[in-house]
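Novice: Encoded as structure tokens, here's the structure I'll be asking about.
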Amino acid sequence: MTDLASQGATAPLTDSDAAGPRTRRDKPEATPATGFTVWLTGLPSAGKTTIATALAGLLRATGRRVQVLDGDEVRATGSLGLGFSRADRETHVRRVGYAAQRMAARGACVLVPVIAPYAGSRAAVRTRHEAEATPYVEVHVATPVEVCSRRDVKGLYAQQAAGEPTGLTGVDDPYEPPESPDLRLDTRDSTVSACAGRLYAHLMERGLV
Ligand SMILES: Nc1ncnc2c1ncn2[C@@H]1O[C@H](COP(=O)(O)OS(=O)(=O)O)[C@@H](OP(=O)(O)O)[C@H]1O
Ligand SMILES: Nc1ncnc2c1ncn2[C@@H]1O[C@H](COP(=O)(O)OP(=O)(O)O)[C@@H](O)[C@H]1O
């Protein structure tokens, strides 16, 4: 048995195919999957990262290549040195949008849990994707600030209430809610898996999965 065969690369998936047995090797080459970007925008603690992680699991289970571009992670690397002023956030969002589009254009499912508080920079990201004919899905994780501040996953709301940091999105810094996102998720009365499932269903409707 060759190495490839020992990894199951030529094992028949079915023997009932009229054209003869299909092989695992047929799958990726015969139908290269279209990449896309899903941008999850919303307040801190809204549920962006949690839903992105759950969706990543669903997509990986079907064999898709997934890249998650988390705001904190990009800020520690590609956006190192940028803060939370309007100008810095806009630069950061456009930078992440550029990277996302390039990865999606190469077939990845790119999931972006990044606040992106300003409508203008979100529109710029969408426009970049459209210009390159890369599918783009904007999801508003529309959890109200009262709920987010109760969750307070990173303790930021409590810290802000105690005086630092100032300029917390949704509290004393702007968040411009998307007027017409592709999908709006209300996480108040839904489980994480229900939200990820709704998003997956939307991707199916769009023919992306
Ligand atoms: N002032 C202020 N406002 C908002 N968020 C703040 C702030 N300071 C730190 N953080 C934390 O930074 C995390 C990453 O933010 P993002 O890159 O997604 O933000 S932005 O799009 O540039 O606005 C973001 O992560 P999430 O909580 O996952 O949204 C925040 O926890
Ligand atoms: N339906 C839901 N979808 C996403 N998160 C939820 C949901 N219900 C409760 N949560 C909780 O809300 C918190 C969201 O945190 P996180 O995903 O880090 O937010 P964000 O990335 O938007 O800052 C997590 O503790 C998560 O378990």
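Note that Cβ sites are derived from N, Cα and C of the backbone, with glycine treated the same way.
Feature annotation from TrEMBL assigns region 'Disordered' to 1-33. Here TrEMBL flags 35-186 as domain 'APS kinase'. Marked as ATP binding site by TrEMBL: GLY42, LEU43, PRO44, SER45, ALA46, GLY47, LYS48, THR49.
So where do these features actually land, and what's packed around them?
Specialist: In sequence order, LYS48, ILE115, HIS140, VAL141, ALA142, THR143 are the residues near GLY42 (ATP binding site), counting only same-chain partners six or more apart with C-beta under 8 A.
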Novice: Within 8 Å of the Cβ centroid of the ATP site residues GLY42, LEU43, PRO44, SER45, ALA46, GLY47, LYS48, THR49, which other residues of the same chain have their Cβ?
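Specialist: In sequence order, the nearby non-listed residues are LEU40, PRO113, ILE115, VAL141, THR143, CYS148.
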Novice: Across the domain 'APS kinase' (35-186), what does the mean pLDDT come to, as a whole number?
Specialist: 97
Novice: What same-chain residues, at least 6 away in sequence, bring their CB to under 8 Å of the CB of ALA46 (ATP binding site)?
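Specialist: Set apart from ALA46 (ATP binding site) by at least 6 residues yet with Cβ under 8 Å, we have VAL141, ALA142, THR143, CYS148, THR187.
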Novice: What's the most sparsely packed of the binding-site residues PRO44, GLY47, counting other C-beta atoms within 10 A?
Specialist: PRO44
